[in-house]
Amino acid sequence: MGSKILWFVAVLAVITAGESSKSVGETCHPDDLKGLRSFKAGIHSDDSGRIDKWIGNSCCGWDGISCNNVTGRVTQINLPGFIATDDAPLQAYMYGSISPAITLVSNLEVVDLSGLVGLTGKIPPLIGFHLPGLRKLSLWGNHIEGALPESIGKLSKLEELCLNENSLSGSLPANLGNLKALRRLDLHSNRFSGAIPENIANLTSLESLSLQNNLLTGDIPVNIGDLQALKELDLSNNSLTGRIPSSITRLKAVSIIYLNDNQLVGGIPTVLGRDQLPCLGFLRLNDNRLTGRIPYSFGYLSSLQRVSLANNELEGPIPASLGDVTSLTELYLNGNKLSGRLPSSISRLSQLLMLTVSNNMIQGPLPHQMASLGNLQMLDLSFNRLNLSTIPKWLLKLPSLSRIYLADCKIQGEIPEDLRATPTPLQELDLSANHLNGKIPEWIGSLTELYSLNLSVNVLGGEIPSSVTKLARLGVLDLHSNKLSGSLQRVFQVESRFTTGGSLAFLDLSNNNFTSGIEQIGMGTQLEIQHINLSHNLIEGRLPDSIGRLESMKILDLSCNNLDSALPPLLANASSLETLKLQKNHFTGKIPSEFLKLRKLKELDLSDNSLEGKIPFGQPLINFPRGSYSGNKGLCGVPLEPCMP
């Protein structure tokens with residue numbers, strides 16, 4: 001008898017569920033229907049076509065809409081900009097404004113309108129009162145503006161709040177600390193200002209806190225260490241002040257701490273043992289105003305992989321305990337006041353890939369034990385108090401080293417030939433501001449993987465070797481302030497590994513004794529050059545029409561040479577130009593009217609030439625001061641004196 005009753009109840013439940021499902025599919029709650037239709041009305045473009053299919057009254061069958069199977073109420077709006085497909089994610093764009101009436105859909109648990117790019121409007125002010133069951137609100141990657149409503153603190157079930165990469169402003173609501181269920185708070189890349197609420201430390205379930213790239217001020221909450229579930233903390237690129245709270249060392253789950261690019265002061269908090277910050281793998285404290293020494297207790301941070309303490313006011317020696325952080329792969333200590341020698345214990349960092357200690361007061365000699373750094377790919381020792389005289393042999397034998405920066409290391413003599421035989425082909429080489437002499441060697445062309453070559457501020461002489469044309473990957477060439485002479489044509493004849501465009505982006509040959517070769521500019525395959533400085537040479541000849549082929553060029557400085565003839569009208573084809581400096585040459589004729597096409601021009605200097613006639617009237621030429629045109633006796637017109645009839 002009992003089994004028959006159970007069977008009857010089960011059958012009745014199935015029938016009831018079927019009828020419920022049927023009723024759910026047939027219609028939509030009036031409030032839900034009104035709220036969704038209002039949302040659709042606010043959208044004027046949806047290239048995915050999803051909301052175009054919102055037809056009829058059965059909203060639970062609409063794209064992106066999910067409903068509760070029992071109540072029939074809408075619980076989710078999922079219309080993200082990135083749509084998963086079998087091949088690759090598809091980017092969908094939606095343009096329009098979020099309707100405040102969306103809060104009529106009062107049973108919502110998930111709202112995902114992220115990454116749609118063109119969505120505008122404001123977060124409904126009363127969202128916290130109307131959507132009490134909301135667990136996820138994701139609107140990142142749009143153009144949402146206005147303030148974060150105070151009512152947001154009423155969303156007691158909220159687990160994810162992702163509003164990053166919008167145009168939100170104002171202060172963070174003081175009641176953010178009420179969101180006890182919150183696991184992810186991502187507000188980065190907006191315009192939020194004011195202080196971080198102290199009660200944010202109440203969010204004990206929080207795993208990720210991202211407030212970077214805002215306008216936040218004030219101190220980091222003193223009890224930040226109470227966020228014991230926190231795995232990621234990013235407060236970078238704000239205007240935070242004060243000291244780093246000592247409580248931060250109590251964060252046992254955190255793997256990422258980014259506090260860089262603020263105005264933080266004081267010392268780096270001391271770690272008291274290996275049980276503090278045991279999971280910390282990535283630490284950025286760079287670009288602040290931190291003082292004092294690097295704590296010896298850094299050696300306790302056994303999980304550290306990448307550390308940047310760059311551009312602070314740290315002093316004293318680099319602690320030998322850093323050698324205990326054997327998982328370290330990147331270490332950036334540049335731009336401080338560190339002194340003493342590099343500790344020999346650094347040789348124990350067998351996983352180290354990048355080491356930068358430039359712009360400090362480090363003294364030599366370098367510890368020869370560093371020869372064991374078999375994985376080191378980049379080493380920057382520039383601008384310290386090293387007196388190397390020569391590049392150590394062991395350094396050039398490091399098996400993985402491809403990027404070497406040894407500027408102002410007091411290296412003397414000719415460019416060492418050992419550089420052509422490094423175990424890994426060189427990609428970047430900076431020997432600037434040393435005492436190198438002799439010529440640039442012909443073998444330089446064998447460094448075919450070279451992307452950046454900086455030999456500036458030395459006493460190198462002679463001509464640029466013909467082999468430089470073989471540097472097909474070269475992107476940066478800086479030879480300024482030497483005694484180089486002859487023709488510069490070879491730099492414009494560098495081969496390109498691309499079919500068009502070339503790799504060269506930055507060229508500085510200023511303050512030398514070059515006399516010719518200007519006719520080759522824009523003639524070869526290197527057409528993507530953005531920065532050219534050939535000033536303060538002895539270059540003669542005329543500026544060729546081919547210079548107009550350099551359409552990516554932003555800076556051109558040919559000042560203080562012996563260039564003559566007329567200015568080429570085709571220079572105006574270099575439409576990306578922002579800086580044009582041609583002063584102190586012998587240019588003649590009129591300023592071409594085509595120069596009015598240089599709409600991006602911000603700096604112009606044509607002074608001290610032999611130009612004549614009326615300055616073409618119009619922007620941008622009339623925006624520059626008189627000094628941009630002075631010293632040309634035949635010039636007239638705005639901003640100079642009016643032309644005579």
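Even glycines carry a Cβ here, placed using N, Cα and C.
No curator has checked TrEMBL annotations; they are predicted automatically.
What TrEMBL records for 1-20 is signal peptide.
The domain 'Leucine-rich repeat-containing N-terminal plant-type' feature in TrEMBL is assigned to 29-68. The domain 'Leucine-rich repeat-containing N-terminal plant-type' (29-68): residue composition by secondary structure is 18 helix, 7 strand, 15 coil, according to DSSP.
Under the heading domain 'Disease resistance R13L4/SHOC-2-like LRR', TrEMBL lists 130-212 (among others). Residue counts for the domain 'Disease resistance R13L4/SHOC-2-like LRR' (130-212) by DSSP state, with H, G and I taken as helix and E and B as strand, are 16 helix, 23 strand, 44 coil.
Taken from TrEMBL, the feature domain 'Disease resistance R13L4/SHOC-2-like LRR' applies to 277-489 (among others).
Tertiary neighbourhood of the domain 'Leucine-rich repeat-containing N-terminal plant-type' (29-68): same-chain residues 74-79, 83, 90, 92-99, 101-107, 110, 118, 121, selected by CB-CB distance under 8 Å and a gap of 6+ residues from either end.
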